[in-house]
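What TrEMBL records for 20-39, 59-81, 102-131, 143-163, 170-187, 217-238 is transmembrane segment.
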Amino acid sequence: MKNVFKVELLKLRHSKILNIVMFLPLFFVILGFTNFLRYRELFTEKGQNVWSQVYTQSSMFYGLFLIALFITIIIAVLVRIENAEDNFKRILTLPIKRSDLYIAKLVVVCGIVALNLIIFMLLTIFVGMIMAPSNQSMPMELIYSPMLCIVASLPVIGIQYYLSMKFKNIAVPLGIGLAFSIPALLINNTKYWMLFPWAYPGRVLLNAGGISFDCPIYIYIISVIVFIFFTIVGLYEFNNRDV
């Protein structure tokens, strides 16, 4: 497992995925920062917390529109590296376990999503330190909401990874991910949001800002259960299919 994981990290270093991981949070934090500067009087006229306002402006579009889509694209691209030109067949001729390969890739995916959200958190805190007055303290939600968002992203990771490993045609997982990511904004405003895991990441991420969504503890339990379920099913199918 350790050697397989090292190989996956090496392949990641030679791809452009890490550039995307760095660029997306930087872009949206800069966007939120400039939007806050533009409407600063409006956002602070009632004594609102500057930290929260900067966070809200940065996370609004990122959380509601892009996180689930980002996960979909990253997973599809990572798995496509192996699906292209039947690389899976070549890899599995080596003395490695299929389960090790499956899990190693999944761990890398989870690490990429976690890194993306940690970078977003750190950049937001950095901007808050610049913009917020000294008499305002940083809400702790700015730290634990991105961290909880990692957990809330698990069902999307599990489902999209399962689909990407199951179908060689990249259009299938991308199409499904796109079809379910786009309606997340609308579904977040209905009472049925808990039945739609694609709505979880954005809902949790935005909970630290001015937009307060209800995020009961059971959504994290559901997230872990869905992730484990699709991981077990995917691992079983991968171990028993003719690659």
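Cβ atoms are placed via backbone N, Cα and C, with glycine included.
With pairs at least 6 apart in sequence, the transmembrane segment (170-187) and the transmembrane segment (20-39) have fewer than 3 Cβ pairs within the 8 Å limit; the two do not touch.
Residues of the same chain lying 6 or more positions beyond the ends of the transmembrane segment (59-81) and with a Cβ under 8 Å from any Cβ of it are 11-12, 15, 17, 20-21, 24-25, 28, 31-32, 87, 105, 108-109, 112-113, 116, 120, 124, 149, 153, 156-157, 160-161, 164-165, 170, 173-174, 177-178, 180-182, 184-185, 188, 198, 201-203, 205-206, 208-209, 211.
Taking Cβ pairs closer than 8 Å, the transmembrane segment (102-131) reaches residues 1, 4-5, 7-9, 12, 17-18, 21-22, 24-26, 28-29, 32-33, 36, 50-51, 54-55, 58-59, 62, 70-71, 74-75, 78-79, 82, 138, 142-143, 146-147, 149-150, 153-154, 157, 161, 165, 205, 231, 234-235, 238-239 in its own chain, all 6 or more past its ends. Beyond its flanks by at least six residues, the transmembrane segment (217-238) meets 98-99, 102-103, 106, 148, 151-155, 157-159, 161-162, 165-166, 194, 197, 200, 203-204 of its own chain at Cβ-Cβ distances under 8 Å. Tertiary neighbourhood of the transmembrane segment (170-187): same-chain residues 64-65, 68-69, 71-73, 75-76, 79-80, 83, 156, 160, 163-164, 193, 196, 198-199, 202, selected by CB-CB distance under 8 Å and a gap of 6+ residues from either end.
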